[in-house]
């Protein structure tokens with residue numbers, strides 16, 4: 001692939017499309033109909049019209065479309081034999097990196113061209129072409145008119161700009177989620193994909209720029225999906241659920257990479273990858289935490305059995321903490337326990353204790369602070385090595401706190417509660433940052449920040465996924 005140019009967005013887009021055309025020629029110059037036929041055997045159907053548009057450089061294709069096109073193109077060798085294209089393929093990695101650079105330039109160009117005036121008539125284009133969430137405002141059983149959508153976009157955009165100037169979270173259109181409840185969610189490391197799982201036994205991937213689903217739901221689980229986690233490089237997605245299994249996917253191909261992990265004897269409630277991606281931890285209702293090699297699906301290390309009751313949450317710290325990578329586990333026994341994942345031995349002082357079951361844990365990015373969320377209506381922060389409080393308890397929720405997450409810069413904590421609210425907190429002082437975010441129609445079951453801190457996602461028992469833009473963190 002040629003080195004990307006350093007010109008304008010339009011110039012780089014043309015060069016990007018030219019390199020795609022060269023790649024097609026280098027791989028036998030198959031017809032677009034043949035590429036579309038190959039793609040139909042994978043996780044996504046590509047139309048001839050869409051392929052033609054991408055190769056013409058009319059606009060930047062979505063990342064999932066690009067990867068599907070590359071997979072289809074590379075799926076047959078020069079002799080016409082089928083070839084398996086792994087998600088970690090160097091070719092895919094190189095094209096992903098180039099796409100991200102070009103998408104970043106596109107966003108910069110769009111912002112530079114957008115009017116500054118705070119009035120509906122001067123709003124920028126929020127159309128589908130550039131994948132801005134405010135362009136996805138269709139609602140209700142009937143398709144709204146173009147004029148109605150345009151008016152709604154103007155009103156929402158004006159409101160969003162005012163909120164952004166004030167530093168307030170900006171609500172974005174909700175994702176449909178999962179009937180019966182969306183029980184877990186996770187952002188990909190590049191922030192371009194959101195994975196959700198729920199009561200309907202499926203996993204769905206979403207384009208975070210447009211709110212569109214990426215392909216068909218992943219439907220291998222035979223029970224509700226309770227937890228999800230991406231590997232640090234984004235090449236793997238781990239899911240777990242009521243069927244007592246952990247499953248590991250190639251998220252771009254929509255295929256399992258190993259047989260199901262089946263050693264647990266109860267619903268598997270949470271999963272987490274280590275910062276190096278070489279370990280996967282799973283927490284189970286059988287009271288155990290197991291460690292796995294995600295590349296093979298084989299056990300890695302001893303089973304952790306010290307909890308007295310269901311284990312609801314697991315989290316790894318970064319490798320940059322004072323003791324390197326740590327593993328936190330939490331559960332029905334009201335404790336959070338800290339482990340050295342390399343040895344399976346407990347580290348630090350006494351277990352952190354709440355007065356009710358602990359439902360969520362999250363490490364600060366530097367690994368020096370641990371946050372926990374519990375049924376006692378509080379979230380708390382701790383020194384993970386001593387078990388001493390790192391700040392005052394966060395106590396404004398009026399019901400059990402189910403989920404907690406640090407922002408990527410460590411300055412903000414988000415909590416989700418059975419009181420149907422999401423709250424933001426100053427992680428250093430414990431002060432509440434503004435009023436609660438109250439959009440969900442049921443208990444909030446999970447919360448997550450995007451990797452760049454610009455989005456907050458919350459899932460709940462009403463089935464939807466709520467999204468907020470966070471101007472003060474972007």
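Each residue, glycine too, has its Cβ placed from N, Cα and C.
Between the listed ranges 25-65, 66-106, 107-147, TrEMBL ties the annotation region 'Disordered' to 107-147. In the repeat 'WD' (218-259), helix, strand and coil residues by DSSP number 0 helix, 19 strand, 23 coil. Mapped onto DSSP helix, strand and coil, the repeat 'WD' (261-293) counts 0 helix, 17 strand, 16 coil. Assigned with DSSP, the residues of the repeat 'WD' (304-349) fall into helix, strand and coil as follows: 0 helix, 22 strand, 24 coil.
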